[in-house]
Amino acid sequence: MSQLAVAEQDSAAAMARLAPIRQSVITLTGITKSFGPTLANAGIDLSVAAGGVIGLVGGNGAGKSTLMRILCGAMWPTLGSISFAGEELDFTDYGTGEAQRRGIRMVHQELSLCANLSVAENFFLETPGDAASRPGWRALYRARAREALDAVFPGNAIDADAEVGHLSIAERQMVEIARAAATPGVKLIVLDEPTSSLDLDRSKQLRAFIRERAQAGLAFIFISHKLQEIIDIATEIVVLRNGRTAWQGHVADASIGKLVQLMGGDANPVHQHAVAAASAQDVLVRLSGALTADLGHDINIVRGEIVGLAGLEGSGQKELLHAIFRPDRKQSAAVTRHAQASFIAGDRQKEGVFPLWSVLGNISIGALARRPALSLVSDRANRDTAAGAASKLRLDERRFGSNITELSGGNQQKALVARALVADTPIILLDDPTRGVDIATKQDFYRLCNEIARGGRALVWQTTEDAELLACDRVLVFAGGRIVRELSGAAITESAVVGASFTQPADGLAGAGHKDAAAAGLGRKLVNAAPFISLAAVLAVMISANPAVASIFGLDLLLMPALSLVLVTAAQMFIVGGSEIDLGVGAFAGLVSVLSATLLYDQPWLGALALVAALAAYAGLGGVVQARKIPAIVVTLGASFIWVGLGYALQPTPGGASPEWLSALFSWSLGMVPTSVILIAAVALIVFIIDRLPLGVVLRGFGNNPVAMIRSGWSPTRYALVRYLIAGLFAGAAGLSLTAINTASDINSGNSFTLLSVAAVVMGGCSLLGGVISPVGAIAGAVTLSLIGALLGTLSVSSDFNAATQGLILIALLTLRSLTADRRSEQ
Amino acid sequence: MNALTAFSLWAQRNRWIWAAIGVLLLWLVLSIVTNRFSLSSLSGIILSASFLTIVGIGQMFVVTTGRGNIDLSVASVITLSAFVALLTIKGQDANLAIGVAAAILLGLAVGALNSLLVVGLGIPAIIATLATGYVLATATLLSNRAISGFTVSPALKYLASGRISGVPIMAVIAILGVAATSFVLRYTVFGQLLSAVGQNRTAARLAAIRNGPVIASAFIISSVLASLDGLLLGAYIGGAFLEMGQPYLLQSIAAVVLGGTLIFGGAATAVGTLFASILLILIVTTMQIIGLPPGAQDIVQGIVVIFVLALAGRQAMTRRAPIEPARGADDDALPAGDRPA
């Protein structure tokens, strides 16, 4: 306690020294945040001066993230106050939106870009204010993106029109940083582990940029586990420990050793392994072929050694790790594994933990996964096995019953290691295992790895932190997908690793990849053209069987009924664009049809009111789905019963009549071109225009990465309502068209459209994962599907086969699509 | 207050209790309000619910595999299976073995096709099962034409609608099925693998679980159960008709969700599905007794599903909420979707 008190005095003194120099941008005073009995933040003071660069360090659970969330308005503190340039603000008035208005931007550790949008469009999402809904609005953002990227990272070759999904992780991080830095009126930028994916040069560029902008008065908070970066860039350092400020002071008074000590770690260097006395006969993994061509000899990984994989991000280290774990056909020639392997992922949330399970469940699955599926599970046996592993790891057995997500990052990591230990495999693969783990836990982890290796296992360790490689017995350095250097023992130094990382492999594996990509690209083009080819084929068959089809009247007769499906497809496309599926859209069209043929015909005002109410209910559905975070498929399936039920209640048997004006809307003629073709083209055009508007970009953004959209200040509920409103308008138009074309209504008339519209949307090339709108393809698909019935009739096949044909077309297209799919984008 | 907290904690782990309470309450209310409700009327409801439970259990396996997987082909499988049963058994007890074999074979075939599309080709389950449903619809139309007569084998009829000392045989079958399913989920490796795959597919793969076979078996179980259900349902109603499986599409999903199985996958409860099936049938029966027109019955069913989901959605959120505080200081493990508003 006394130490803490001293530290607090220190920090107060430091504050007093710094405060008068520059004007403060934002000041947090006495921030306390409690979660039940736990204090995540306890009386933290933080003042950021204009032009200041605060290095924020602390272990996991030290309270950095909580403090930053409070700073950015994502969370309210239990106690404490916030003020901007001396002006006190009530926290109840403070939120993410307000923080953004006041010039605070945060670059998150998990990136917040929409992968399906271009770089320029992502810039638009962050500062939407300047976009007018006129053609060419993108040019503004394109220029801004270009300029911002060049300002921070000179010499980058990022195309502002490139889809973010096609950029490397490092490039995405660069875009994200540049985007925050380019925001007009920005006063403070919080960078959370900004260099985790950047190589040394880019990291230097970033730090140079920070220095330059800080001179101009912009403030930064720089969070990093890489302490040398903190020492290099910060003007002031804040160390958090257990939710309190452990130290705060000028960078000149800090050193890496001191910071590590303050954070609660010991400052011993990583290097502690003795060179393993490995029995060279015991080869567990053998690497050969193209992979090791540059080395001129094969690599054997044996029991008892730790092998590090190094190199620039994305040079093939991860691929090797996965190839060892599960050799697939392509690489099996280069990688031979002679024993079982288990995998410890660094991205615990995405690749490690099972969030519904206890710690025990998370550990035992390692052993269970290797047993026959029908064998029995016993809690006691699980506990016994896990206890052995846990004691080695110093993981408290009393936590076995807790949910895994209640553990800190470091302890979760221990549970994952325990999982590998109970799996009892001779090979353990580690994928950046200490990511987001604090220094003290890391030291513990390195010791542990040594012990495990001594116990006769082989560890293969992929890391992004070069310093960690010092814990390895051997290091394989990757460049361009190949191993270009093998370092061992004393030859392993950070400079040797970095030097080797930039080696150009004799002939990269990239060439082969390009050829594959070209072939797949061709395949994809063919698949994308499939709806048009099949439409042409269907029409050709029908015209050859009956030339009268080619007349304007013939086409109208054939295509007019397709109009309703086209409209429903347009509605479905917007829902699918939000990565949802509406299983009630056809029923809704049916309901609108009934309403228009009954109420609207008999009492126009009441009918119009009912239509508006139905539309509002439909849009509200989107709001419910969003606000309650429940699956749209089931909600809309439930809603379909409501729509059908309402329809039945209004009109138990088919009937009614179409209002004259409505029929007129669909029965005009230009003479030259079939009316149906004009109407269908108009639908495609409207969808296309909506999609190109800023509104369309926002909707696609939500379809791809809603979290990022919320961080950029967009309201998910509002846009869910808008999305469903747009879909409802199209579905409503479909209902009206049904009434006009059939001159009567039947509540069941729309039912078949639901599934057909999903099929059409998929045919058209929209991803069910969301974020893609392709009006022309989907509408061609819709027309094709609706012609199937007529086609079968022409070929005098029983209409019984209608459904099967549609189903088979769908399966065939999806099969083609999946065979030519870009596997990377699926991940 | 303490007992209440203890109960709510217990109920979080045993989500089936809500459906059970629902059944109890609705039945009590009905017994008091009308005097037409007795234990025997409840046994009739349980008989109808048994058919739903069997499809529901299958659907539950698919839902538990996660990623919003749903088997939309169950309705078509039920219908087709009923027709196939008529075609193979032809009302003769002697043909019963062939009929059962045909039903299982049909289930296996459809399940294998679904698995091929979903696991082998990576097509989203909803679309794949939807497409399979289309193909089965045509098969049903064709078998409808081939049907010569609507006679049901007496033994099967007895199985589907008979009672032993007042207890419907179907109910016994359904309860045994639920018990077996609960055992498989809780005490076999397969149950654990299924849950793991449903929670986090990447983590499951990296924990050396072979996801493909696990997911495929869920689809196969679903189709086989739906097919057997169709066989029995056909015997119960004494024939088969087009669209006879249709109500089971929404109801099976509703029973799964209402029972407390997580719609996002990873956690299933067979007992919950059983109680939810009874609850759903009870609701439908109530509406019929009150004399609501069919349209209104549809509306009520739809509202119940949406309402329950909306409630369950909040439940899932509050269940996850405590996670955040306890580890609130640590950012790297926080689920992206669970940020405080």
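Placement of Cβ uses the backbone N, Cα and C atoms for every residue, glycine included.
Within the set A:65-82, A:209-226, A:353-370, A:803-820, the record from TrEMBL flags A:803-820 under the feature transmembrane segment. Contact counts against the transmembrane segment (A:803-820), taken as Cβ pairs under 8 Å, peak for A:753-772 among the stretches A:526-545, A:557-576, A:721-741, A:753-772, A:779-797. Among the listed stretches A:557-576, A:607-625, A:632-650, A:670-690, A:721-741, the one sharing the most Cβ pairs under 8 Å with the transmembrane segment (A:779-797) is A:557-576. Within the same chain, the transmembrane segment (A:670-690) packs against the transmembrane segment (A:557-576): three or more Cβ pairs sit under 8 Å, each pair at least 6 residues apart. The highest tally of CB pairs under 8 A with the transmembrane segment (A:526-545), across A:557-576, A:607-625, A:632-650, A:721-741, A:753-772, is held by A:753-772.
With a threshold of 8 Å between CB atoms, the same-chain residues lying at least 6 positions outside the transmembrane segment (A:632-650) that come near it are 575, 580-588, 590-591, 594-595, 598-599, 618, 621, 624-625, 747-748, 751, 754. Against the transmembrane segment (A:753-772), the recorded stretches A:557-576, A:607-625, A:721-741 differ in Cβ pairs under 8 Å, and the greatest number is found for A:557-576. Averaged across the domain 'ABC transporter' (A:278-505), pLDDT for the predicted model comes to 83.
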